[in-house]
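Among the features that TrEMBL reports, domain 'CP-type G' is placed at 14-178. According to TrEMBL, the feature GTP binding site maps to N58, K59, A60, D61, N130, V131, G132, K133, S134, T135, G174.
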Amino acid sequence: MTIQWFPGHMAKARRQVTEKIKLIDIVFELVDARIPMSSRNPMIDEIISTKPRIVLLNKADKADDFITKQWISYFKEQNIPAIAIDAQTGTGLKQITALSKVLLKEKFDKMAAKGIKPRAIRALIIGIPNVGKSTLINRLAKRNITKTGDRPGVTTAQQWVKVGTELELLDTPGILWPKFEDELVGYKLATTGAIKDAILNLQDITVFALRFLKDHYPNRLQERYNLEELPEEIVSLFDEIGKKRGCMMQGGYIDYDKTSELILREIRADKLGRLSFETPSQFDHED
Ligand code: G4P
């Protein structure tokens, strides 16, 4: 799904999320573990405000484990609990309810002290398109999707999905926009497949990806494309991969679009192994 984010859409998305946040106890902010900063909404802190939150580093199965651990520490240092998960297979999901209970203990203890009947923790999943929100909701809900119906006093009808007995989720996630005005963010989103290739130039995306791999995962590049050594120039790297894989045009020229498609397809299919495209150290100076 490609959403065109215009100012009107962004304002509407924000309004909808703000309304939903009023109904819940805790926000699950879903990001892509390979690009946790670039796959966030730029106004997320302001939108979530003081509501408790857990950052869920999804698609951790595709990310570099070592870097994911660094990201978990990075968020922890900012007092934001973070968990690495894989919504597709369910890895890490058990921790979500357990951690939510810890974070909300005080609130629920206070409610109990006031004589309020115990109830399930209410949560909302928020994230930019394609981070895995629907996959996560379906996975958490398992087969026993139970719609508990509308809540009185709520203007827009919201459906709740039970996750075990202790947690319930709003069945539609909060969808927010990425920081797309930043070119680098765009390239990272495109490389990981979060945005359609047509939005950015295919060869530019591949230049970004190759440059990143050359700097951070040179051995993986060499191994995958059987390269004795990595050429200095990115164009030469393109040429070598194109030649090795037979991405040629008439006259013996390299077909750069075909080469780009091949490289990006292989990165997204984890053919170069598990990769992370940003590290906390790249963001330290911004804090
Ligand atoms: P959204 O609601 O946030 O927009 O995302 P959605 O659940 O539709 O997930 C987007 C794609 O990401 C889906 O692939 C989904 O299977 C995949 N995905 C979600 N969570 C995980 C995860 O933890 N690990 C992995 N490896 N993949 C995950 P898709 O439908 O095949 O779309 P696409 O691959 O063609 O983009």
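Keep in mind that glycine also has a Cβ here, set from the backbone N, Cα and C atoms.
Unlike curated entries, TrEMBL annotations are predicted automatically.
Feature map: annotations from TrEMBL on the structure.
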residue : record           : DSSP (3 states)
N58     : GTP binding site : strand
N130    : GTP binding site : coil
G174    : GTP binding site : strand
Notebook entry, point to check: Taking the residues the record says bind GTP (N58, K59, A60, D61, N130, V131, G132, K133, S134, T135, G174), how far apart in Å are the two Cα atoms that sit farthest from each other?
Noted result: 23
Next item on the list: Please name the residue among the binding-site residues G132, G174 whose C-beta has the most neighbouring C-beta atoms within 10 angstroms.
Entry: G174
Checklist line | Those binding-site residues listed as N58, N130, S134, and which of them has the most Cβ atoms within 10 Å of its own Cβ | finding: N58
Next item on the list: Sort out the sequence-distant neighbours of A60 (GTP binding site) for me: same chain, 6+ apart, CB within less than 8 Å of its CB, listed by position.
Entry: A33, T68, A84, I85, D86, T91, G92
